[in-house]
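Take a look at the structure below.
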Amino acid sequence: MKIVADENMPFVEALFGGLGDVVRVNGRSLSAKDLKDADVLLVRSVTKVNQTLLQDCQSLKFVGSATIGTDHIDQAYLKHRGIPFANAPGCNATGVGEYAFIAALELAQREQVNLKDKVIGIVGAGNTGMAAAKCFAAFGNKVLVCDPFKTQDMLYFPLVGLDELIQQADIISLHVPLSDNGPYKTWYLFDEARLESLTPNTWLFNCCRGEVIDNRALIEFKRRRDDIKLVLDVWQGEPHPMAELVPLTEFATPHIAGYSLEGKARGTFMLYQALATSLNLPVKASLQSLLPSHFVNQLGLASQTELTQGQLLSLARLVYDLRDDDKNFRQAFDKTNGFDQLRKNHTHRREFSALTLASSGGCEVNWLTKLGFSGVGR
């Protein structure tokens, strides 16, 4: 069996190597000729899977995408061909949620404000949005949620309209799928008019798709409204973001909010499980066996009181230091293939769960485990 996989997808050999021959390809430049005699295709969001790509590949038995979103997949065409498809909903949700929370922690420390005083507005109540909401709620923030596809009985957090959320929230974090049609389209959801409606000193985070914000309008808006703070992980026109926008952000990264080692492993493992089910094969590997131990095996908290905001940030930086990705992005985003190279070489980040905490003092670890850290109590 010939298994064609994106070169940036981790653990493919470990999981799929026993099922056939693995061939690695550049996902962004993948073409029909690369899929000759392919039985399995494993992609990420940079690959458009459609009739043009697959029309000459008659042996294909399975397509998998290690992503939450599926806007890059022509599922109708796959269904017409009778080709099973699987994606990995929720695989990187924890990573995205923790990214948004860490960005807020970093920015609060930089601005010397108390993050707990901020009202959080989550736009999009899917997997990533709820992961972010969970982090902020564990920290003690008031969280509001906007999602036209949800009803209040489906959510733990107050459900409000977008205009109300913009008026009430101090931090707005975007977690919607990209849609350019229908009554709830999200393409340019934040256009010039909506940007103008932001209240003074709002922090705006985009962790979903670049085109959810009109980036050209955002540049003009930000030049007039320096009180607005931006954290952008996604960009209109990727992999070539508008160069004028990058210096206007507080933190800028190359679409890696969900790029934790755990999230990457989870995505590949979910496709492995789906392929095994599709071909009626036994699942012989485990997710945990793929992950290395964190360089800090266990950390004792000796403090007699609750952690300060600064102490929590220091703890968070042990698993992910956002400043590193921000620095690397600013240095390389405008170089040839710089955006994609940063994504390809992004391997170091872990999730909070990689770090085990124990308390030997009065510091309570329960809320830290709700935040995502592993805990062993006292």
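For all residues, glycine too, the Cβ spot is worked out from N, Cα and C.
Together with D147, D233, the NAD(+) site in Swiss-Prot holds one more listed residue from G258, G263, which is G258. According to DSSP, S45 (substrate binding site) sits in a coil region rather than a helix or strand. Separation of the C-alpha atoms of E238 (active site) and Y259 (substrate binding site): 16 Å, rounded to the nearest whole number. Closest in space to G258 (NAD(+) binding site), of the recorded positions given as S45, T67, R209, is T67, taking the CA atom of each residue.
Around T67 (substrate binding site), taking its Cβ as the centre, 21 other Cβ atoms fall within 10 Å, counting all chains.
Long-range C-beta contacts of D233 (NAD(+) binding site), restricted to its own chain and to partners at least six residues apart, with a cutoff below 8 Å, comprise Y99, F205, N206, C207, A252, T253, P254, H255, I256, A257. Of the listed recorded positions, namely D147, E238, H255, G258, Y259, the sparsest Cβ surroundings within 10 Å are found at E238.
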